[in-house]
Every structure is written in C-alpha cells, then in structure tokens.
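Asker: To start, I am sharing the structure in question, which I have written as structure tokens.
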Amino acid sequence: MNDNKPAIEAVDHVEAEKKLRPLNAADENNAVGYKEYAEGLELDISAKEMKRLRLKLDLIILPMFLITQALQFMDKTSLNYANLFGYQKSLGLKGQQFNYLSAMVYGGYFFGQYPCGWLIGKFPAQKVMAISIFCWGATVIIMTQCRNYSSALAVRFIMGVFEAAVTPGLTLMTGFWYTRREIPLRQCIWYSSLGWGGIIGSYISMGVSKLPANMTPERWELIFYILGGATCLWAFIIWLFLPDSPSNARFLSHRERLVAVRRVAGNETGIKNKSFDKSQVKMGFFDPKTILIFISVFAAAIPNGVVNSFSTVIIRDLGFSTTKTTELKSVGDAVQIISLLISGVIILNVENSRLLTATVANILCTAAAAGMAYLPRSNTWGRLVCFWLVNSQSVGFTVALTTVSSNMAGYTHRSLASALVFTAYCWGNFAGPFVVKPSEAPRYEGATIGLLVGYSIKTGCHLTLLSYMFMSNRRRDRVYGPANKTASDEAGMRDSTEFENKDFRYVL
C-alpha cells in the first residue's frame, strides 16, 4: 500500500458506511476520539494547516517522549556506570551476582508491562506514565541505601515493574498522534534517546570519575542520586503537560483537535479504546506478525542485554582507562543515534522500505558481531569499531515497534501484541548478561557468538515478515478488490482489527 496517497476508492462510500451500525453511547465513549472524528468529517483541511499542526506536535509531544525514554534508559543502565566506581566491591558481590542485578530489572519489567498496558488503555495515559516515572526514579535513589545483594536485587525488580509503562506506552501513544507515514521517523527520533542517554550518562560518569575516590557519598552513589533525582522531577512535567490523546490536548484549539484526530483516523487502526475486547485476545496470540516479531525481538534482545549492561566492561577490558572507556562508549551511542535518524529519513521518503531498511541494519550488525568474534585479539581498534557498529541494532527493534503501531488494528489486539513483544524483550535482556563471562575477558567469545546468532535470526524473521505482509496485500487485492480508504478509516475508529477490516492494507 502507498504510504503517501489514499488507496483507490472503488466502492460507493455512502453505501459502505450504511453497512456500519450506529455506535451506542457506551461504545462511543470507549472509542477515544470518535466524537471528534465524526465532528471533523466535514472539515475542509488544507495541506498548510496539516503541516502547521504536525510541527506543533513535533515541538511539544516528541521532546517529551524523547526525554522520558532517555531517562528510563539511563536509570536502567545506571549499574553499568556504577560498576566503574567500585560498586561490586562496596556490596561484596561475588560470582554472577552482578549479572543477576543487571538482569533483574527485566524480571520486574515482565510482570509490570501487562497491568501497565491495561492501565494506559483504561485511564489517562499521561497520569499512568507520570506515576510510573516518579516511582522508578525513587527506586534509583533507594539503590544508594542498598548495601547487600538481596536488597539491591529487590529494588532492581521493583524498578523494572515501574519502568514497564514507558517504552510500550510510548509505542502505543506514538500512534495516537502521528500518521502511518510519520510514525517510523518519529519513533526513530524518540528511540534515539537511548543513544543520547548513553552519551549523557557517559559524560556524567566522566565528570564523577574526576572526583576523589574517597569522597562521601561514594562516587557510585552519586550516579544514582543524579539520575534518580532528575527522573522524579521529570514526572511532574509529564503529569502537567503531556495529554492523553489529541481529543483532549489543552495546547490545541478545538479545530486543531478535530484536525489531529482526522489525521490519525487515516491510520485505519483507531486511537484508543477503553473497553477490553476478549475476542481480540486470541487474535493477538496467533497473529503471525506478532509471532515473527516476538522471535526476532527475543533473538536480538540477548545481544542488547550484553551491550547495555557490559559495554563499559568490554571496552575497558580492551585495555583502556576508566575515563577513556566512558569517552569511547559515547561513540557507540552516537552510532546508534545516527543509524536511527538515517533509517527514519529513508523510511519516510522511500515507499515500503521499512523492513528492507531494518534488514540492511541487521546485516551490518551481523557482520560487526562476526568481526568481534573472529578478529585477532591484537586488533584492538578493529574490534572496538565492530563493537560500536552493533549499536545499529536499534533500527530493527524500532521497525518492529512501528509494525505494532502501524499494522495492527483493534486496541486490545495492538496492546496485547505490544505486551508480547516486550515479553520477548524482557526474556532476551534477562538472558543477555549471562553470556558475558569474566573468565572469557577480554575476547568474551560466548558474548560475541551470542550477538552473531541473535542478529542472524532477527534478519531471517524480518524478511519472513516482509513476505507475509506483501503476500497478504496481494491476496486482499485479488479477493476483495481495491481498498476503500474511507470505510477503512471508519472501521479503525470503531476498533475493528486488520483481520476484520477487509479494506486494511499493510505498510511494508
């Protein structure tokens, strides 16, 4: 399907709309934005007005998403920085206890994402996000008071529970504000905050590294105080200024709200539905797209767990000082930012290029992982460059998230698919730290082979997903004829899934 132009409308719109039953009051209330959609159908909207509104959203909504994701990433990986300043020694950690601490946040993430997903659907999303942000920021500060392994493990688990609202929530909310064509670039922009967060975290660590080693509080404690305090303050910004959806955005005029809803109605997936649709649950579990994304995310999350939790250790063990390590790590973060932004621009301007762009990035990661595994130990800089290049792995994950927000309709179906994808993300990231064995330093053969296998599986899944959606579009055109875009928009706003809506076509 063309991302940029409406599908050919081959059936009479009036007759198509007559087949749709009127919504009762309860259904209309549950379908967020439907009243504004119906009211705005007769509006005459110019391209200039659309562009002006999009710019307004980019200047207000996008920075909030980006900063929220950056803080979540820095807090989650704060152990990575604390580890440079004697954290393991202070707590008396032995064996693989640090690995368990790194992984435990994903255990909490797994248990927290399902209730968080339900809460975001049922209640104002920004309120759920703000409470979660404040609570996880508080747990980061509490980490300074954990002086043994068991207490730190418990706090890391609780941290994961509250962090579970963020990335899945932002993925769903991106579809509340942006069109199918706009989603990939915007998602790449706010997900690039992982790179920005990594750079900021590295330079915070660099500054802390210049402080006296015998200071009070200890340098690793200072890392937690800085990051946790910033997160708690940010929670108030989200509570006060981030709207739930375009239909109740205070920074938009009444007409702008109608136009904003009309824009996203064109996604054919609706905005949000407050009711839980049991009929969509089975669909969510057996959707081939969900299964393929689940496998690809799990395979790639194992390497992601390695990169997030042990990047500083791996770089330091190549023979660099603590200060130099933080500088070199920031180069990998910059690679992540650049690869995401380039991919987002390509997807925006080249029709049906999402999964092909992800495949190119996956191949780059696979080649880089092979270099890490098989380059000679003496080739320090060659192996370091390969380690930097694996940071382009975020492109494939971001494209997978855009598949959920752009190609899955029905809010219960979409939110369940998102939860399953992040279940795979949790399991993979939980397993990732355990493939890094101190006894294998500085080559870390097990970790590098894990990266190579994970990226190879991810590439195969994305190519299979591309084939499935392409063939589905061809079959629908053959069986049902050209899609009726108007009827498809209406079906999406009524919370129909892509399987129920025969006019739905996938973007590739």
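Keep in mind that glycine also has a Cβ here, set from the backbone N, Cα and C atoms.
As annotated in TrEMBL:
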type	residues	note
DOMAIN	61-476	domain 'Major facilitator superfamily (MFS) profile'
TRANSMEM	57-74	transmembrane segment
TRANSMEM	100-121	transmembrane segment
TRANSMEM	128-145	transmembrane segment
TRANSMEM	157-178	transmembrane segment
TRANSMEM	190-210	transmembrane segment
TRANSMEM	222-242	transmembrane segment
TRANSMEM	291-310	transmembrane segment
TRANSMEM	330-348	transmembrane segment
TRANSMEM	355-375	transmembrane segment
TRANSMEM	381-404	transmembrane segment
TRANSMEM	416-436	transmembrane segment
TRANSMEM	448-470	transmembrane segment
Asker: Mind pulling out the one from 57-74, 100-121, 355-375, 381-404, 448-470 with the most Cβ pairs under 8 angstroms to the transmembrane segment (222-242)?
Answerer: 57-74
Asker: Below 8 Å between Cβ atoms, which of the listed ranges 57-74, 190-210, 330-348, 416-436 makes the most pairs with the transmembrane segment (100-121)?
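Answerer: Between the stretches 57-74, 190-210, 330-348, 416-436, 416-436 has the largest tally.
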Asker: If I count Cβ-Cβ pairs under 8 A between the transmembrane segment (128-145) and each of 57-74, 190-210, 330-348, 355-375, 381-404, which range comes out on top?
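Answerer: That would be 57-74.
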Asker: Which sequence positions outside the transmembrane segment (381-404), separated from its termini by at least 6 residues, show Cβ-Cβ distances below 8 Å to it?
Answerer: 171, 183-184, 187-188, 191-192, 194-195, 289, 293, 296-297, 300, 303-304, 307, 311, 314-315, 318, 328, 331-333, 335-336, 339-340, 343, 347, 354-355, 357-358, 361-362, 364-365, 367-369, 371-372, 375, 414, 417-418, 421, 425, 451, 455, 458, 462, 465
Asker: Per-residue pLDDT averaged over the domain 'Major facilitator superfamily (MFS) profile' (61-476) comes to what?
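Answerer: Taking every residue of the domain 'Major facilitator superfamily (MFS) profile' (61-476) together, the mean pLDDT is 85.
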